[in-house]
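Asker: I am attaching a structure below and will ask some questions about it afterwards.
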Amino acid sequence: MRLSVRRVLLAAGCALVLVLAVQLGQQVLECRAVLAGLRSPRGAMRPEQEELVMVGTNHVEYRYGKAMPLIFVGGVPRSGTTLMRAMLDAHPEVRCGEETRIIPRVLAMRQAWSKSGREKLRLDEAGVTDEVLDAAMQAFILEVIAKHGEPARVLCNKDPFTLKSSVYLSRLFPNSKFLLMVRDGRASVHSMITRKVTIAGFDLSSYRDCLTKWNKAIEVMYAQCMEVGKEKCLPVYYEQLVLHPRRSLKLILDFLGIAWSDAVLHHEDLIGKPGGVSLSKIERSTDQVIKPVNLEALSKWTGHIPGDVVRDMAQIAPMLAQLGYDPYANPPNYGNPDPFVINNTQRVLKGDYKTPANLKGYFQVNQNSTSSHLGSS
């Protein structure tokens with residue numbers, strides 16, 4: 001009996017020693033970590049150097065970081081940004097997804113903090129320096145882009161007004177590239193007015209006001225694009241993308257360093273399919289990009305702009321001429337379409353396309369009026 005008691009006491013003692021040893025080991029490791037942190041200079045922990053790791057449905061692991069070649073698609077709303085991102089989304093290696101809406105707002109806030117001398121002083125005094133803010137912006141933007149859709153080898157973001165911050169974004173993501181969608185401002189404004197696309201600061205009851213605001217917005221974006229440089233920012237003319245999709249998309253994919261895929265010419269066939277094109281049920285362009293690329297949206301603005309605005313067009317929107325559009329031509333000669341596009345237009349006129357099942361009930365595609373409401377914008 002005594003022997004049994006001794007064995008029990010011995011076993012208990014060994015267990016106690018083992019627990020104490022484990023706890024001591026943990027404390028040693030924690031102390032080393034603390035000491036290492038004290039010896040490191042301030043800011044040695046760099047979250048912007050960390051990677052996001054995601055696993056796709058194909059069980060492939062994707063790693064995303066600040067050095068990745070992100071693609072940013074933007075431009076004044078109603079300039080073809082949705083069509084462009086749908087075409088890219090059709091590529092098997094690319095995922096753009098719907099507008100996040102939040103990224104341009106956060107970028108605008110960041111810009112406001114920088115412009116306000118008093119606010120910047122307060123932030124600096126609190127230790128919230130430009131370096132801290134930039135690291136936080138970098139992590140936030142990457143997190144939103146990466147996690148608001150399925151993982152892919154190449155990620156892109158389409159929020160139209162992000163390209164007002166191209167220079168800043170190119171600093172946060174040094175290997176990023178930008179596609180600036182450019183469209184005849186008269187067509188963009190007619191589209192936003194007739195489709196009642198609310199944009200902050202635009203008076204949708206006035207063509208003159210909207211064209212003035214269009215001019216200001218595209219002027220800022222174009223200047224940012226030029227400052228970033230032609231190696232990183234490519235102006236993409238909506239009219240040429242629609243008239244000559246194969247030629248335009250080859251130039252775009254070459255610029256982005258992405259291999260060619262015929263899928264980009266048939267985005268409408270991949271809508272709502274796994275790994276294909278995901279469309280928002282509430283974005284204004286959704287009911288248009290379900291159709292193949294077609295022609296009539298190019299010039300359906302003709303005859304709708306008030307006469308006094310037409311007369312003053314060169315003064316109201318000087319960026320038209322700078323971008324290569326004739327402000328006095330109504331409409332300009334944008335060029336001759338490829339046979340492929342003519343065939344697509346005939347398909348649309350016949351109603352030879354289907355609304356994806358997941359989008360039915362959220363908008364109506366009136367096939368009886370397609371002859372006057374064609375196009376993807």
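Just so it is clear, glycine is given a Cβ too, placed from its N, Cα and C backbone atoms.
From Swiss-Prot, here are the annotated features:
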type	residues	note
TRANSMEM	9-25	transmembrane segment
DISULFID	Cys96-Cys156	disulfide bond
ACT_SITE	Glu99	active site, proton donor/acceptor
REGION	101-105	region 'Interaction with peptide substrate'
DISULFID	Cys225-Cys233	disulfide bond
CARBOHYD	Asn343	N-linked glycosylation site
CARBOHYD	Asn368	N-linked glycosylation site
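Could you place the listed features in the three-dimensional structure?
Answerer: Counted within 10 Å of its Cβ, the other Cβ atoms near Cys96 (disulfide bond) come to 28, all protein chains included. According to DSSP, Cys96 (disulfide bond) is assigned to coil rather than to any helix or strand.
There are 23 other Cβ atoms within 10 Å of the Cβ belonging to Glu99 (active site, proton donor/acceptor).
Here the Cβ of Cys225 (disulfide bond) has 24 other Cβ atoms within 10 Å, regardless of which shown protein chain they belong to.
For Asn343 (N-linked glycosylation site), no same-chain residue 6+ apart in sequence has a C-beta under 8 angstroms from its C-beta.
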Asker: Could you round the CA separation between Cys96 (disulfide bond) and Cys233 (disulfide bond) to a whole angstrom and send it over?
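Answerer: Cys96 (disulfide bond) and Cys233 (disulfide bond) have their Cα atoms 17 Å apart.
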Asker: Would you mind pulling the DSSP three-state label for Cys156 (disulfide bond)?
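Answerer: SS state of Cys156 (disulfide bond) = strand.
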Asker: Mind giving me a neighbour count for Cys156 (disulfide bond)? Other Cβ atoms within 10 Å of its Cβ, every protein chain shown.
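Answerer: Its Cβ has 24 other Cβ atoms within 10 Å.
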Asker: Compared by Cα position, which of the recorded positions Glu99, Cys225, Cys233 is the closest one to Cys156 (disulfide bond)?
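Answerer: It is Glu99, whose Cα lies nearest.
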